[in-house]
């Protein structure tokens, strides 16, 4: 026998089988899904009045119904979801009925899809390629510009689209109708900064989507030869490969100060003052001075780790315990002028010179090596390269050098615990007064350290040491030691946070100041500058120049204003420069997301460090009358032992910060810093007798909460703690 088709009433109250609207007395609602049904159209209506109270419709009871009435999902899953709604005691009857209707109508699935779509939208908002797509979309093809061309009014188009538009005789911008210069219309220039940015964004999208990243082939340090080799073809003196030799120390490349014994697994003595090597490559293998050509090792925003005195500049003055050092730059090394020693322009505090100035401001120790190539110094070795200890930069300035151009100058003063190679002293340096430098009288851009130095002399210990924590390494070395991995955890996190956004911001840098552009301007020759930088480069110049000769007024002549990066005349453009709003929107969006990303990374680092360094107190441990400070004392002793051996500075810093927050080691009463403080900062509850009597119930909850968090019983928490909630 064929199945009888059974259908419920629709939303308007009409029976879906007989198409009539039954009276209220003729309808019956399901006890599970609350769907109304026409009693006459049911194949098996309830027999008694009492059975109608617990009656279930054919859908919920499992009786066969029409295929059209099937709801997405199996019957058992639907029943389980409805029963879960009925069992939820937090919902009212109206909310239960609404959720049942949403479940049967399929709205729940729609909401899930909407949530997923919102999640995708958030991901797309943070996607770099989508950011560029929204701002730099070509008005003609509505795609990311292919070979982008930027008009003087700040709008971007594809080169082919722009040429088609100009070919129709239209010399105005397709977006704002601003006039386009005839020279640009005839010969448009491609904006190379946008090309690099779009390519980088597309590449990052490909890698995230599962594409293969670029493979870098490298040789492990342990597989390299002990000495940098010379190939058969390299007949002349010198090594053929600067990176072929093994590095014998375990310090990172940006390590400040002396190299201690624990970082010398080969000899267990560290790099001692007076050690000599055959050449700069062997010096590099021991980590003292890594560049095999450059005289300065450092980073502009981080500091300088080492310098080499090799007679590169005629302005250098070497006095042994102190010397005047000349910065880098100022020479034309283009083409084959690799050994040019004649200065042709002024030096500035940038790149390596800025790195030395950062070390001067912070008082970082700088390793110094002297080469036999320094012929004018009495302290240079007879052959090879020699390590002469650490120095500190006390002052830096600029002055006009011997060759007529400005040079950056630095005053280095020795501050090592080992005696210098040219002295017979048994002890190292002591703090000495600064020498009198005559050239400071005519110097400019003077910089002196205003705060206490990070590397300073300790009168109690009688030696030079770090008075402030050394800067964390940005290039950690994985030696296989788990302690070293923990030590470099923070640095690795920061290194990973340097993502595509930061690289894109570097692409959008001003070609005058070198910083990320503010109010970017794109010239007709497709160069990008800050508006203030470009206007400052032509301060005092006017469009027209008045001329006269012997009382006779001549015709005014136009001033030629060449672009700072090319010979193109941009005088007409400078009369009313337009800010590239599209580019500015992208830069602001990237900067905002980069700051949010860094904040999230720092929060995750702090949570991981604090979570890994928590010191739980075992239950019952405080029964003998121990205070919170006594409970932490054994851990302090362990960490102090690690401090003495130079282990795990990240862990030490986290423990030290936790001691400062909890008041351990001070005369104040110890406090427990519990995380639920964040929700209850409005009032303070002192757990003495009076406060407990006033609000016993709330204080009991607070004490129990603190005790549960720290493994301490409720009674002991009352005795020990004064909790700020």
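A Cβ is built for glycine as well, from the same backbone N, Cα and C atoms used for every other residue.
Checking the ranges 441-497, 498-554 against TrEMBL, the region 'Disordered' annotation falls on 441-497.
Among the ranges 586-606, 607-627, the one that TrEMBL lists as region 'Disordered' is 607-627. Sequence-distant neighbours of the compositional bias 'Basic and acidic residues' (441-453) (same chain, 6+ residues past either end, Cβ-Cβ under 8 Å): 349, 357, 360-364, 392, 394-400, 406, 409, 467-468. For the domain 'RING-type' (138-177), the number of residues in each DSSP class (helix H, G, I; strand E, B; coil) is 9 helix, 7 strand, 24 coil. Within the model, the domain 'YDG' (266-414) carries an average pLDDT of 92.
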